[in-house]
């Protein structure tokens, strides 16, 4: 077995793919189920049993407690009750993105954030040009939202070439989009506030913020207080689904700490040697608490939202009566065409124009491997505004006939948005086919950002994607020294992180430590220490290496542990580039921007660089 083949492993762990949002077959299945229930609702509402559709969803459900009594129709129970779980999941994703996800890098996040804001404003403006006044003008909120579930499924169906970065961009955009839509519901679609229940809701939110301090039973506490908050908001006449967002935002999220994971592994070994209830409880608790409750809830609740809540919501809300009268009325309705224009044209123009502006002015930058034409295809797909659009139809429009016209507009817009996106991806891929993944360096060398050795203006550039726990990368350091000696000032050497945790569980933490050293100008000095002690890469060891190379240990601790988001994102950013290029082994070299294939001993690298002169 060759060294290269010995180091080849499977794809990156999901940590580098925005965690729960990595491409999964369940995403496609959830979107297909949502579509199936949408079609079922339309067929039911237009079948000989159409009357039963209205009767069932309009049936009142009464809940009484002593002298208190509340009545909700089945449809409102779905929209106000079950949909709180949908907004809960959205809120968890929002919190995760801002704390440990794409939105931690403000320059990278700026483009999708501004594009999302434009994608909220431009559709609303276009809608209001069709409906400037009257009751229909209140429905402007219908056109501001993108359906994340359908977006993910539709992107999988269209299958644009190399969609990894586009998918991250669109999901980041969708998070901000959801925040805007939820804010619109809170500010513009809530009236007749009751102050006493609202005060109780504020106290409950304060209590929720303190739950994280409990030593145990935090999950049940979140559930009980969250349900109480839902009731308080309902009584305050604030849309109770916002309780889901409030609870989610107050739930902590963090990346797993290697030390805690290793402690749990030790407990597992102890349990294996001496099985007993005490060890069993300790192992269970250690495993549970090594992952943030935010991520655990996304995993636990998310499938129920995708496969139960959203299909039921679609069944309850998509039942548009498409008789000749409804279709005729919709085809001549400014409400219908305002929704179509807002979603299809507004989303496309707003997102694409804002992205172009941010890139042109330098106020933000697109992620590596992502171009404006790819964003344009994704912007068109963002016109699928199904879930929250139908949700706001029911909130903003009182007349059932006008509601049907609005739903027809949402359905037409979704079909047109999908068709436009498919056409854009097919045409742009045909006119300017993307290069095969991995043959060309996806992100050019940036001396201000990258870790470099040599003259930034050198004619020869050697980029290495490596792993500090990889023994072959450790051996390659000697080869790199020979290559640098051979070429002198004619060579610029660049190191980028590619920690393969599946094979090397301490490699990610080692990369973090090197970034902590980089903050004090000693990146390569720390790298030498890490390669020299590859069998000793616990945090206690790396703190010792930090002292050995003369780092300010307090500052190092702040950078890698207390304020770790910058360090985490830097390592993740390099690893995501490697994922985009479909790299699967270390070390991987790029010679003058082109992937080096073959041996990476000093003589082979020198020959490859000489050929590139």
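Quick reminder: no glycine exception, Cβ is built from N, Cα and C everywhere.
In Swiss-Prot, the transmembrane segment annotation falls on 81-101 of the listed ranges 81-101, 270-290. Through the fold, the transmembrane segment (231-251) approaches residues 70, 79-81, 83-92, 94-95, 182, 185-186, 189-198, 200-201, 204-205, 208-209, 211-212, 222, 225, 293-294, 297, 395 of its own chain, all at least 6 residues removed from its boundaries and within a Cβ separation under 8 Å. Here the transmembrane segment (138-158) touches the transmembrane segment (110-130). Their Cβ atoms form 3 or more pairs under 8 Å, with each pair 6 or more residues apart. 29-49 is the stretch from 29-49, 81-101, 191-211 with the greatest number of Cβ pairs below 8 Å to the transmembrane segment (300-320). Long-range neighbours of the transmembrane segment (29-49) within the same chain, counting only residues 6 or more positions beyond its ends whose Cβ lies under 8 Å from a Cβ of the stretch, are 149-150, 152-154, 156, 306-307, 310-312, 314-323, 386. Ranked by Cβ pairs under 8 Å to the transmembrane segment (110-130), the stretches 81-101, 191-211, 337-357, 377-397 are led by 337-357.
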